[in-house]
């Protein structure tokens with residue numbers, strides 16, 4: 001009997017409470033960076049019925065209207081009706097942002113290497129904190145992402161498209177998806193075993209109508225027919241009713257969907273969240289760099305699966321460790337890949353910022369539907385412009 005395995009990942013829509021918080025935090029970050037690219041920002045958001053609290057630490061010359069940024073973001077998501085219990089114009093906005101700690105700033109603004117005499121400009125900025133970050137890529141999908149999280153993101157994005165276009169008029173902003181994929185004995189995806197979709201709706205919509213629309217207009221529009229069969233299970237709004245949703249149903253907080261933001265649990269995670277943080281925070285920038293490395297390694301044919309770990313000490317520019325794990329799929333020893341990575345990629349925070357051009361206001365668009373593997377927007381860490389350099393570096397190391 002051949003061994004089959006199941007793996008499940010989930011995603012949530014832009015109207016999920018935690019994702020509302022992420023988008024507000026990143027909208028504030030973008031607004032600040034648009035005026036002050038050198039700003040240091042750590043903006044956290046909490047949302048609940050009728051209220052938004054924004055708090056954290058910033059260092060900037062910019063002035064932004066936080067109240068307006070918050071309301072515009074909520075309106076763009078789709079919370080514009082008072083009956084939702086959370087609407088753009090009636091919500092209470094409570095900002096409480098303070099100056100970044102001087103003790104932290106001194107290590108970020110002048111790294112240990114710079115203080116010890118390194119005159120390289122890219123050694124001037126130190127890591128904003130200690131920590132470990134992971135990046136991953138696998139050849140299961142064209143975007144080199146695991147199939148379960150890729151499909152989960154596509155499902156909730158499709159729901160949002162149908163809601164915003166008015167094609168399914170009874171949909172409301174909050175939604176979740178979950179996809180279970182069956183793998184064969186060679187770890188290749190062969191079918192979708194289970195799809196779970198919970199979507200908020202107007203009270204007049206019937207369960208039968210929702211089920212039919214979701215299966216025909218969402219699931220079958222997203223998941224290739226080859227992956228669906230008579231044994232595929234569909235759970236559509238399995239509680240039977242989802243009228244109360246968004247912050248009226250659950251509070252939301254920045255940084256609570258870190259697995260949705262990355263690889264759906266298929267790869268390890270260092271624990272740091274992304275949204276609301278400028279690129280001196282290696283939780284964010286080094287995670288993007290690690291994805292960039294992993295994706296280019298796989299695209300170069302040096303492995304079919306690659307996980308990259310980076311780790312940093314606060315106030316120090318150079319990473320304390322770089323590890324490449326290919327799970328036995330690499331064409332050369334992993335030590336060779338690690339040496340090649342160090343040759344090709346400058347992994348100091350300033351090097352990452354320069355390499356990926358991370359001082360721009362590009363972050364709000366990443367705050368829903370995943371930071372990795374995006375095909376609908378142009379993100380620098382998704383580009384495959386280091387493939388040739390990696391191949392050549394491997395040759396020099398060998």
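Any Cβ shown, glycine's included, is placed from N, Cα and C.
Straight from Swiss-Prot, the features:
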- 16, 174, 175, 176, 241, 242, 250, 256, 257, 273, 277: ATP binding site (BINDING)
- 18: Mg(2+) binding site (BINDING)
- 44: K(+) binding site (BINDING)
- 57, 100, 250, 281: L-methionine binding site (BINDING)
- 100-110: region 'Flexible loop' (REGION)
Nearest to residue 257 (ATP binding site) by C-alpha distance, among the binding-site residues 18, 57, 100, is 18
Cβ neighbour count (10 Å, all chains) around residue 257 (ATP binding site) is 25
When each of the binding-site residues 18, 57 is scored by other CB atoms within 10 A, the minimum falls on 57
For the binding-site residues listed (241, 277, 281), most other Cβ atoms within 10 Å of the Cβ sits at 277
Same-chain residues at least 6 positions away from residue 175 (ATP binding site) with a Cβ under 8 Å from its Cβ, in sequence order, are 12, 13, 15, 16, 156, 159, 160, 197, 198, 199, 200
Comparing local Cβ density (other Cβ atoms within 10 Å) for the binding-site residues 44, 250 points to 44
The residue listed as 'K(+) binding site' falls, by DSSP collapsed to helix, strand or coil, into strand
